[in-house]
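Notes follow the structure.
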Amino acid sequence: MAFITRQCIRSLSSSAALNAAIKHVTVIGGGLMGAGIAQVAASTGHSVVLVDTSEDILKKSAKGIEASLKRVAKKKFAEKPEDGEAFVQKVLKNISTSTDAVSVVQGTDLVVEAIVENLKVKQDLFGALDKAAPERTIFTSNTSSLPIADIASSTARLDRFGGLHFFNPVPMMKLVEVIKAPGTSQQTFDALLEFSKALGKHPVSCKDTPGFIVNRLLVPYMLEAVRLHERGHGSKEDIDVAMKLGAGYPMGPFELLDYVGLDTSKFIIDGWHEKDPDNPLFAPSPLLNKLVAEGKLGKKTGEGFYKHK
């Protein structure tokens, strides 16, 4: 009886915590996505700690966030530059940095992970954080392709684990895919929807399926464009022009592949192909594999399907 009572109290206290607004956010990963998420959360009044493995990375992240905020302020406060500077300083005060994730999560409401797309690395991270974070803390991953359930399996809080997939550049892009894994509780899912809205984003509800919504449609589309080109049915230039002028897309599929990164697209499609080898939409591309092997990854390396200055 005493055990049952303790369990009920524990459940009720956890439920009350989940219903409370998310105020303190820990973002793990100081790259473009992590820094962008930290900036948006801080801009909307949240207390944010940005975590990465080295001070050098964090200094670069902080510098990037400040530069991004100044661009926002210049546009938002064009006629009152002094208000713009006050805005920048106010947001920056909401952000601190750390190289000790385990210590930071002991007092956080929400963890948003935005590190390398490697399942084992993510599982190891969350396994360690799970032992340190309070029961009320919600864990999320910003993964674009890995199953949330697989990442969450290294923890004992499957009900308080979900996905928050932001889009690059985070301060500009309004969409957030909120992913409900099989173990995610409705309370957790609702809290993540509300948090996304509090950031000024437009959340869409997703199931824990390959690529969620956007990438599940986008990646096969880009790969089908490559296959069309491989078959000699269209030049990459003509395919890009056709999709921009015929479908109204802002970028053609080859331009988009170069922007996203050929290695990123290959990683996603290879992972899906491994899980579902009979799905023709997930078939690897010899041309994409060749370019990645040659180190031609797109804009970030100066050459992909196109050459970039």
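Using the three backbone atoms N, Cα and C, a Cβ is placed for every residue, glycine included.
Nobody curates TrEMBL annotations by hand; they come from automatic prediction.
TrEMBL lists 24-209 with the feature domain '3-hydroxyacyl-CoA dehydrogenase NAD binding'. If you look up TrEMBL, you'll see 211-307 marked as domain '3-hydroxyacyl-CoA dehydrogenase C-terminal'.
In the domain '3-hydroxyacyl-CoA dehydrogenase C-terminal' (211-307), helix, strand and coil residues by DSSP number 65 helix, 3 strand, 29 coil. Computed over the domain '3-hydroxyacyl-CoA dehydrogenase C-terminal' (211-307), the whole-number mean pLDDT of the model equals 96.
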